[in-house]
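Undergrad: Features from TrEMBL:
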type     : residues : note
REGION   : 100-124  : region 'Disordered'
COMPBIAS : 108-124  : compositional bias 'Basic residues'
Amino acid sequence: MSSGKVKAGQLWSKNKDELTKQLGELKTELGQLRIQKIVSSGTKLTKIHDLRKSIARVLTIINAKQRAQLRLFYKNKKYLPLDLRVKQTRAIRRRLSPEDAARTLEKTKKRQTHFPQRKFAVKA
């Protein structure tokens, strides 16, 4: 497939071997175009641009597939690699877990039972 542009939708159906093979082809073609640009000083810039973007697409899909496989591998494990964890803000990561936040201390429980909120009746 040396037409230059590569559609991302078509790449998702391919397996890893086909993707790496296509990546190699695109890289060799890019190298040849760079040599042609130097020798002939013609305008090969648009084709080089398209090839570079195609290489980026292929690499993106390879990486996405790898990450998906890693997520499946680590799904029921106790620990997850840092780069596979959900991206959150620093404050959210530092926040107490819902269980810890709902927990009441022994001293607080005693205080609530021994000194409950006073109830007042309003006279009419």
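Glycine residues also receive a Cβ, built from the backbone N, Cα and C atoms like all the rest.
Relative to the rest of the structure, where do these features sit?
TA: Not one residue of the same chain 6+ positions outside the region 'Disordered' (100-124) places its C-beta atom under 8 angstroms from a C-beta of that stretch.
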Undergrad: If you run through the compositional bias 'Basic residues' (108-124) with DSSP, how many residues end up as helix, strand and coil?
TA: 7 helix, 0 strand, 10 coil
